[in-house]
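If you look up TrEMBL, you'll see A:23-62 marked as DNA-binding region. Per TrEMBL, domain 'CoA-binding' is recorded for A:86-187. Among the features that TrEMBL reports, NAD(+) binding site is placed at A:Gly97, A:Val98, A:Gly99, A:Ser100, A:Leu101, A:Gly102.
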Protein chains: 2
Amino acid sequence: MNSQLQKKDSTKVPEPTLRRLPWYLSNVKLLRKRGERFVSSTQISKEINIDASQIAKDLSYVNISGRTRVGYEIDTLIAVLEDFLGFTNIHKAFLFGVGSLGGALLRDSGLNHFGLEIVAAFDVNPDLVGTALNGIPIYHSDDFEEKMQAYDVNIGVLTVPIEIAQKITDTMVAGGIKAVWNFTPFRIRVPEDIVVQNTSLYAHLAVMFNRLNFNEIR
Amino acid sequence: MNSQLQKKDSTKVPEPTLRRLPWYLSNVKLLRKRGERFVSSTQISKEINIDASQIAKDLSYVNISGRTRVGYEIDTLIAVLEDFLGFTNIHKAFLFGVGSLGGALLRDSGLNHFGLEIVAAFDVNPDLVGTALNGIPIYHSDDFEEKMQAYDVNIGVLTVPIEIAQKITDTMVAGGIKAVWNFTPFRIRVPEDIVVQNTSLYAHLAVMFNRLNFNEIR
């Protein structure tokens, strides 16, 4: 990677942009399946109902330029977006807490297609420790630091009960984890240089139930 | 439920508030486990690093009042929050697409504790149709309208491939589904009175990878 590209990649892209880019990617993939070769931001705009100027602005963070009249070449746009979003590199991760949701995530091989490979999991349950799920070994939580030496991992997936969410986060960070994908409904505290991505399915459920209720009694 | 309560529930609560309330809930649950009986917004604020005035404002949407000096009674606050967020009612749902992620969600019994019960799933794969996963029957997609009569369901969980995300959404809505929990990275279109909650794990991964990369080369 040359320094210019590296510089472009290191721009702090706004989070809303990063969340919209996968929409464009999936839409453009669909257009490719339909046999299209070029796409304009106006076309994407019509398909997914987002302002074309917003799409053009979002795509300006990505290292691609469209051609007047024909727009972006679809194959290139897909490759550049997948690369930009980090889906083409494999990022290795540890998962902490093989409960119901943790076990479900271990079984979801789909994450691999988007660049995340869970290479090992940790729990304290004697029925689980020493076994494997979907080919992923489950170790005792006490072995985490030792396994950090053995695996090249910098992401931790947090699916533990809320009572120990902060304690396990502290252990992860002390062991060298640089990003925590937090699936618990607990708001964890981390040092400033550690990335936290909160994905609380329960918060999403709360929003959905509220809106549903609002529509019903309106 | 009296009309005043009903009116309070029907206020359109801002989405950021709805996303923060589960944080307060999990934090307060933790305080209860530690033996606490009362909590103030200032205490919650210190624990989870959100402005106390913001917390008080968010809690003003919920039907609870604190007492001067001692704050909110924890047992009541938990009960009221769980009820307000819809976690105490069971909302029945159908799941569409028993692939890797869909299968994982069927296995995640944790959703039940937060008010979502997936009662049946749909797919076209002959190896899956007629079987059950975690006790949940899998029917052929063609049987959806018939099953809508048999089950009292108004939520659809969407975990199909992006190529058919819109088509399946249209079928769901035509059949009477009122809310779509969309796990695909595809931006679906629905009529105005249909609730959509987007939970794209891939968009969250993209944000996490970008921030991680940003920190590494900074």
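The backbone N, Cα and C atoms fix where each Cβ goes, and this holds for glycine too.
These numbers come from a predicted model, not from an experiment.
Checking the binding-site residues A:Gly97, A:Val98, A:Gly99, A:Gly102 against chain B with a Cβ-Cβ cut-off of under 8 Å leaves A:Gly99. In sequence order, A:Leu95, A:Phe96, A:Ala121, A:Asp123, A:Val157, A:Thr159, A:Val160, A:Phe183 are the residues near A:Gly102 (NAD(+) binding site), counting only same-chain partners six or more apart with C-beta under 8 A. For A:Val98 (NAD(+) binding site), applying a Cβ distance below 8 Å and a minimum sequence separation of six or more within one chain yields A:Leu106, A:Ala121, A:Phe122, A:Asp123, A:Asn125, A:Leu128, A:Leu133, A:Ile138, A:Thr159. Across the DNA-binding region (A:23-62), DSSP helix (H, G, I), strand (E, B) and coil residues number 27 helix, 2 strand, 11 coil.
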